[in-house]
Amino acid sequence: MSTEPKRKFGVVVVGVGRAGSVRIRDLKDPHSSAFLNLIGYVSRRELGSLDNVRQISLEDALRSQEVDVAYICTESSSHEDYIRQFLQAGKHVLVEYPMALSFAAAQELWELAAQKGRVLHEEHIELLMEEFEFLKREVAGKELLKGSLRFTASPLEEEKFGFPAFSGISRLTWLVSLFGELSLISATMENRKEDQYMKMTVQLETQNKSPLSWIEEKGPGLKRNRHISIHFKSGSLEEVPNVGVNKNIFLKDQDIFIQKLLGQVSAEDLAAEKKRILHCLELASDIQRLCHRKQ
């Protein structure tokens, strides 16, 4: 990144759970603080000062001339509303994925950001992980025959985090980033609420008609894990080796956001990123529709 801006961008962090706390920590990073000035945080709870960061009301954050940027780090169900409010107030927005729980809402938010001339950045730290870098290298130049990605974890509240195709959109983003735009073939949902168990099974297809399956399985006792199986004409990949610790991935995401604020990301790159994000959200909406139709 080039020289410091004449005035730092004032930032508020909305939501101080795990992601919000990491964002507050990274905003204090010496490199980032050359460009960003942490003004305060917004929370529904009355918490007072946190790590010498003052709590401010949502109304003050929206109204303040000091605030240029909002980081939205709340549960997914509230992302759309917060993004809309801050864009309407003329603020730039960084939001944890997914930005919204429907494709239509995401389209509206992008249009609003364009109307207001503001940066709308959806975080995708999964694309900054060492595992993804390894997969990108393994996939490059090879002809895909078929593949599958299965994710297991403990139960997640759908009311807060959305339908599994949305709460699991980072896995879908991996598949799209590795294999290009995908077509939806089928989607089914097994749901046993009394056992807190769910399994979503999605069949997708690449533009070259190679099949990909994506499974999200959540229930008590299931460990957080990704199971990958990719078959090429030249061989297969059945697991991702331990490729090292994912260091500072939120900070790397913040650096990308700063580059956008400074106008250092090309229009072509911005358009490609927006296209990928909307493609994934459209697939997620279609998957949800198919699963609900079959229940």
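FYI, residue positions are counted from 1 along the chain as it appears here.
The backbone N, Cα and C atoms fix where each Cβ goes, and this holds for glycine too.
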Practice item. For the NAD(+) site, Swiss-Prot lists Arg18, Ala19, Ser76, Ser77, Ser78, His79, Tyr97; sort out which one of Ser154, Ser167, Ser177 goes with them. Key: Ser167
Point to revise | Ser154 (phosphoserine) CB neighbourhood, other CB atoms within 10 A | key: 12
Review point. CA-CA, which of the binding-site residues Ser77, His79, His292 lies nearest Ser229 (phosphoserine)?
Key: His292
**Study point:** Arg18 (NAD(+) binding site), number of other Cβ atoms within 10 Å
**Key:** 10
Check your understanding: How big is the gap, in Å, between the Cα of Ala19 (NAD(+) binding site) and that of Ser154 (phosphoserine), rounded to a whole number?
Key -> 18
Check your understanding: If you count the C-beta atoms lying within 10 Å of each candidate's C-beta, which of the recorded positions Ser76, Ser167, Ser229 ends up with the smallest number?
Key -> Ser229
